[in-house]
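Feature annotation from TrEMBL assigns domain 'NADH:quinone oxidoreductase/Mrp antiporter transmembrane' to 23-288. The domain 'NADH dehydrogenase subunit 2 C-terminal' annotation in TrEMBL covers 290-343. Sequence annotations record features per position, and here TrEMBL assigns transmembrane segment to 56-76, 96-115, 152-171, 178-196, 202-219, 239-257, 277-304, 325-345.
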Amino acid sequence: MNPQAKLVFTTSLLLGTTITISSNHWILAWTGLEINTLAILPLISKSHHPRAVEAATKYFLVQAAASALLLFSSMTNAWYTGQWDITQLTHPTSCLILTSAIAIKLGLVPFHFWFPEVLQGSPLTTGLLLSTAMKFPPITLLFMTSQSLNSALLTTMAILSAALGGWMGLNQTQTRKILAFSSISHLGWMAIIITYSPKLALLNFYLYTLMTAAVFLTMDSMKVLKLSTLMTSWTKSPALSTTLLLTLLSLAGLPPLTGFLPKWLIIQELTKQEMPLMATAISLLSLLSLFFYLRLAYCSTITLPPHTTNHMKRWHTHKPVNTQIAILTTLSIMLLPISPIILTIM
């Protein structure tokens, strides 16, 4: 892609996100979401492969439907209450329509079908944007309207997302689809807590972004799109494969890694809200996701391809160290000890 065009699309993404997260008026928030959608489409379809064009078309249709629903919910609220302010969403019907619109935008169950297909048709770097940056504006809208939302509906969607995200990822061999189902599963954890502790949901999103960015950039560096390719990565870059193992285990939420922190805090908050059954259910359902993270980790480090050569494999490669991957991986693994500081900032 032309560098100038890429700069225009990236700037538009930043502009759209900034407009949405800083607006108080529904029309401005909607405008930001539309700018975002239009800016990411060329990045999805830049390879001109039929799969990429199909992914871009699906993404456009789904996001257009979600934006129309969002606009409809805000107009219904304005019709009944006279308020266009985002935080003043009080009409019950508007709240239900808004929850559905944002669930479609995020890819929460039962509106999740588009997300794995779109991610599979996109390059890894665009997949990273779709999994993280594109989900930030809808999450902020949920954050701003969290007081008015229906807790029972969000909890149901969250449990279903955790279940289906784990269940449907079990049989996948494409790394992008596995990461898509991982994203759906993590969204379940955010949705279940957003009405009780919105700040905790945002913390979960930030840490999820850190860990997912580390995994996507590592896979992009190793050019891994399938599990069979991942199995041969150890001989080419053992150090990177080792850090990928730790990042995947962190994404699974195993202590003493960073990913354990949001899960632990969410379970604690759900218990405080007298929802021990929901806490138990979502914890057990995260074991499904743990299986495919362990499968990825097993493929990247423990499965070695057969060699005919007898020479020693070198740990040090001549490729320069990618600073972004180094920083993100370190943060993805080592933030748990400073959790008291993170909690005081919240």
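For all residues, glycine too, the Cβ spot is worked out from N, Cα and C.
Between the transmembrane segment (277-304) and the transmembrane segment (56-76) there are fewer than 3 Cβ pairs closer than 8 Å, counting only residues 6 or more apart in sequence, so the two stretches are not in contact. Sequence-distant neighbours of the transmembrane segment (239-257) (same chain, 6+ residues past either end, Cβ-Cβ under 8 Å): 182, 208, 211-212, 214-215, 218-219, 221-222, 233, 263-264, 286, 289-290, 293-294, 296-297, 300-301, 315, 317, 325, 329, 332-334, 336-337. Among the recorded stretches 96-115, 152-171, 202-219, the one sharing the largest number of Cβ pairs closer than 8 Å with the transmembrane segment (178-196) is 152-171. Long-range neighbours of the transmembrane segment (96-115) within the same chain, counting only residues 6 or more positions beyond its ends whose Cβ lies under 8 Å from a Cβ of the stretch, are 33, 58-59, 62-63, 65-67, 69-70, 72-74, 76, 89, 130, 135, 138-139, 141-142, 145, 149-150, 153-154, 157-158, 160-161, 163-165, 180, 183-184, 187-188, 191.
With a threshold of 8 Å between CB atoms, the same-chain residues lying at least 6 positions outside the transmembrane segment (152-171) that come near it are 96, 99, 103, 108-110, 112, 116, 177-178, 181-192, 194-195, 275, 278, 281-282, 285-289, 291-292. Outside the transmembrane segment (202-219), and at least 6 residues removed from its termini, the chain residues within Cβ reach (under 8 Å) are 124-125, 127-128, 131-132, 135-136, 139, 143, 175, 179, 182-183, 186, 189-190, 193, 225, 230, 240, 243-244, 247-248, 250-251, 258-259, 261-262, 265-266, 322, 324-325, 328-329, 331-332, 335, 342, 346. Across the domain 'NADH dehydrogenase subunit 2 C-terminal' (290-343), mean pLDDT in this model comes to 78.
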